Amino acid sequence: MTRECSPPAPTPTGTPLSGSVLAEAAVVFAVVLSIHAAVWDRYSWCAVALAVQAFYVQYKWDRLLQQGSAVFQFRMSANSGLLPASMVMPLLGLVMKERCQAAGNPFFERFGIVVAATGMAVALFSSVLALGITRPVPTNTCVISGLAGGVIIYIMKHSLSVGEVIEVLEVLLIFVYLNMILLYLLPRCFTPGEALLVLGGISFVLNQLIKRSLTVVESQGDPVDFFLLVVVVGMVLMGIFFSTLFVFMDSSTWASSIFFHLMTCVLGLGVVLPWLHRLIRRNPLLWLLQFLFQTDTRIYLLAYWSLLATLACLVVLYQNAKRSSSESKKHQAPTIARKYFHFIVVATYVPGIIFDRPLLYVAATVCLAVFIFLEYVRYFRIKPLGHTLRSLLSLFLDERDSGPLILTHIYLLLGMSLPIWLVPRPCTQKGSLGGARALVPYAGVLAVGVGDTVASIFGSTMGEIHWPGTKKTFEGTMMSVFAQIISVALILIFDSGVDLNYSYAWILGSISTVSLLEAYTTQIDNLLLPLYLLILLMA
């Protein structure tokens, strides 16, 4: 099935638009226009212009993927996903700016503008890349992208300070280099849209860490924020280092495995910990221990989470034991079995959000580091666990894990954690997160933990009416919306800090819109859906 993102009439050199791509684009445009109506300033007009040009350029990316003409090897079981991915950072920056402006925090208000400008810059770069390698040159699409890009650059030039422009260009430069390195090292792990979203976010985090390291002042910033930045950048740099190193040596030998563990200790103790010490001005290990065991509530939560982690491991072992006893060597875990982990994650995050969000913030960061490290061990076949992890996790693969890395569990963790990590805490004061915005920390729980899980289970077991052009069903989507509404009611009962203030219509519209996006998108929904629900709830 071919896909096109251009006007309804097919072009002589193109192919007709698929219904699923058009429906996905319609949902994204509905979100963009909703944010535009809520913000209504020059930056939101830039977002609209960016969405229009991304809609046209997405078709060019799709055609490049179909023809095998893309510069790198992308995941082939999905469309390019340029439009939904292009709009995440700009829209997130816009709503962040509005909320911080309402909270009277000019620093984070400007930060939101920088986030939006950075998102637009990396999205425009991805568009230019697609247009530059498309043959013959798509004149009409080039004109539309040029006009949209010209408007965005003109407005941002007159809105950003010199320092902010330099910051945007720094992120763009890092993004270009990360694209060249990681897309070469990790073929078929991303679609162009997923690469834009993931690598754009990593580039922004890396630039923020460099900036704060160079301008660090004692007592400036929250150690919790620095901990996240250092962990993310440290794990990415560690992966690049070992990927380059194991090009020249066999990673599956005992000698290489011992070297891997020694170098991990060297990088952790010699680079990451000193870097974190410079930022927080105290011993990182002592700070972490004091933070984790500061109150009895935290001790109880950590014990509870340890039990859930043990339960998750038992589920993996049980499913693999069933595979061993099955006659079919190609036995795969059913959809319901894979969704067990979604239920476990919901049971993990909800108490953390209610009782201690800073602890959840740090615990999710530690869990992310552990997940990435174990994926390195599996990918490089590091002894003694590498081959065991390959065998255990292969049971839970789906069509989205077509590359050398298994990323779905990491995306699940990110989807649940990003609503906790992304909202600046100084902008959550003075009632700026009242109404529907009180549900922002629960965006991952609602969109992925509840909505995606219920849609998948009921759609695969009871669904009969399929959405046009997709495998998703109407029954699954309706049950997803219904389950999320029930979850909101339960949140109101158990979390006394949530006051929706009669914003029920906006909440229902946001949940329904994101559920429709889940039905039509072919991108990683564990990552995309929470971000769009977060954006809508913050607006």
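Each residue's number is its place along the chain shown, starting with 1.
Just so it is clear, glycine is given a Cβ too, placed from its N, Cα and C backbone atoms.
Segment annotation: TrEMBL labels transmembrane segment over residues 137-156 (candidates 37-56, 137-156).
Between the transmembrane segment (442-462) and the listed ranges 168-186, 258-277, 297-318, 402-422, the one holding the most Cβ pairs under 8 Å is 402-422. By the count of Cβ pairs under 8 Å, the stretch nearest in packing to the transmembrane segment (402-422) among 226-249, 258-277, 339-355, 500-520 is 339-355. Using a Cβ-Cβ cut-off under 8 Å and counting only residues 6 or more beyond its ends in the same chain, the transmembrane segment (500-520) has close neighbours at 20, 23-24, 27-28, 30-31, 34, 84, 434-436, 438-439, 446-447, 451-452, 455, 467, 469-470, 472, 476-477, 480-481, 484-485, 488, 492, 528-529, 532-533, 536-537. A Cβ distance under 8 Å defines the sequence-distant neighbours of the transmembrane segment (258-277), meaning residues of its chain 6+ beyond its ends; these are 213, 226-227, 230-231, 234, 237-238, 241-242, 251, 283-285, 373, 377, 380, 382.
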